[in-house]
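**Student:** Per TrEMBL, the feature GTP binding site maps to 18-25, 86-90, 140-143. As annotated by TrEMBL, domain 'Tr-type G' applies to 9-277.
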Amino acid sequence: MTIQATEVGKRRTFAIISHPDAGKTTITEKLLLMGKAIAVAGTVKSRKSDRHATSDWMEMEKQRGISITTSVMQFPYREHMINLLDTPGHEDFSEDTYRTLTAVDSALMVLDGGKGVEPRTIALMDVCRLRDTPIVSFVNKLDRDIRDPIELLDEIEAVLKIKAAPITWPIGCYRDFKGVYHLKGDYIIVYTAGHGHERTETKIIQHLDSDEARAHLGDEYDRFLEQLELVQGACHEFDQDEFMNGQLTPVFFGTALGNFGVDHVLDAVVDWAPKPLARVANERSVEPVEEKFSGFVFKIQANMDPKHRDRIAFMRICSGKYSQGMKMRHVRTGKDVRIGDALTFFSSEREMLEEAYAGDIIGLHNHGTIQIGDTFTEGEVLGFTGIPHFAPELFRRVRLKDPLKSKQLRQGLQQLAEEGATQVFFPERSNDIILGAVGVLQFDVVASRLKEEYKVECAYEPITVWSARWIECSDKKKLEEFSNKAVENLALDGGGHLTYLAPTRVNLSLMEERWPDVKFRATREHH
């Protein structure tokens, strides 16, 4: 086995998906604690000083307690290298989340035991299903009142349309939470409260029919056996193939806040989740163990370091090995670039990287030349597929409070559009700037970041735009004819692509009928 194949075999790259408030940030902290990346959960161990930071690092995120941007963290665990991607927990950020899910090989779904399956979780699962992503499930908050666990499993199956196979089963909940029983291994993992911020030795009771197990469960023993019989009769057994095909999810129970059950989930990712998989490019399928380097950019993040006005492009390595100082071909521009300063991430902490393999996420300094969806190779012309833009659903006209700052406004919006925080449109017939978003919160985020990072204050005005469609037409003459007739509703997006801004649904239908040779696209691939 080559060194490269060995390194690829050690990689596990996964994202956490959940509804807001299901405990995603807490579970991220505890996963990092498992990897000893954090000395005390909630306090990132920094080389320079003990700075407080977790994966929610942007100002607005800190205030609102939601992850708006995708953080990337790498840490070692059980002789493997874990690449953990935290996805935005707010429903307005489906694009960013979607693109993150194109960069992972598996996902961890976190459910609130008191609430079960919530709308955001359903939307994220739909995205995972598009690529048959293997899902590990964690039912959180067992240290509070939760719904009947059997009911929760039924709901996972009925609503998310995926088989649920419990691996551990809870013994009580809230004040009576005593731990979990491992169904396959026939042992109890005992819960002791008050160890949320440190790694503790786990107490195990072997065999459910032991005297020790009877003593631990006390009066609940007989009732627990009855429930277990029901569970084992009614639930699916874990099946590796079905898991790998995204048809079955292993389910674990625990409390992230109490730091219990998180290690079971991480063990499942290491033992069962796939190592980096082959990736489909337009030209061919690319295997992770190939010698030559290739990777694609799935996210651009501006101003990760307030001290340096910087932009970082996050790249998923698909094959080969990154070595410090290597030469890469930026396929879209055709230029060769030497990369000597790629970064590895630990939330907003970053370190220079000497080498990285398929499955790893690395950061490239971006001076405005890299876009989402760009591919880098060692010379081969490749374009990885499936990294889309979605047509926004909400639109606002931007009004500048200080007219002298129009240059900064355009620069700020251009950068925010490039990293996918918003979509920006410049109408052909006016000097207006129109923003498009998937949810209302995105407008707030853009305004607050323009103010914080670019010192530009703006306000929004309503505008009669129902939806945007990207225009494609192979017949140049027809396209010119269409452009002349529809000029009042045409705009260029941030990337310079011709876009039709439809004032109403009816208007769009009429235009599609009237111009059959023109394609009105609701999504556009990044390329």
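Note that the numbers count up from 1, one per residue, in the order the chain is shown.
The backbone N, Cα and C atoms fix where each Cβ goes, and this holds for glycine too.
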**Student:** Suppose we draw a 10 Å sphere around the Cβ of Leu142 (GTP binding site). How many other Cβ atoms does it contain, all chains included?
**Tutor:** 27
**Student:** DSSP three-state call for Lys24 (GTP binding site): helix, strand or coil?
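**Tutor:** It is helical.
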**Student:** Going by DSSP, give the three-state secondary structure for Ser18 (GTP binding site).
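**Tutor:** Where Ser18 (GTP binding site) sits, the three-state DSSP reduction gives strand.
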**Student:** For the domain 'Tr-type G' (9-277), what's the model's average pLDDT?
**Tutor:** 85
**Student:** Quick one: give me the count of other CB atoms within 10 A of the CB of Asp21 (GTP binding site).
**Tutor:** 15
**Student:** Taking 10 A as the limit, how many CB atoms besides its own sit near the CB of Ser18 (GTP binding site)?
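**Tutor:** So the number of other Cβ atoms within 10 Å of Ser18 (GTP binding site) is 24.
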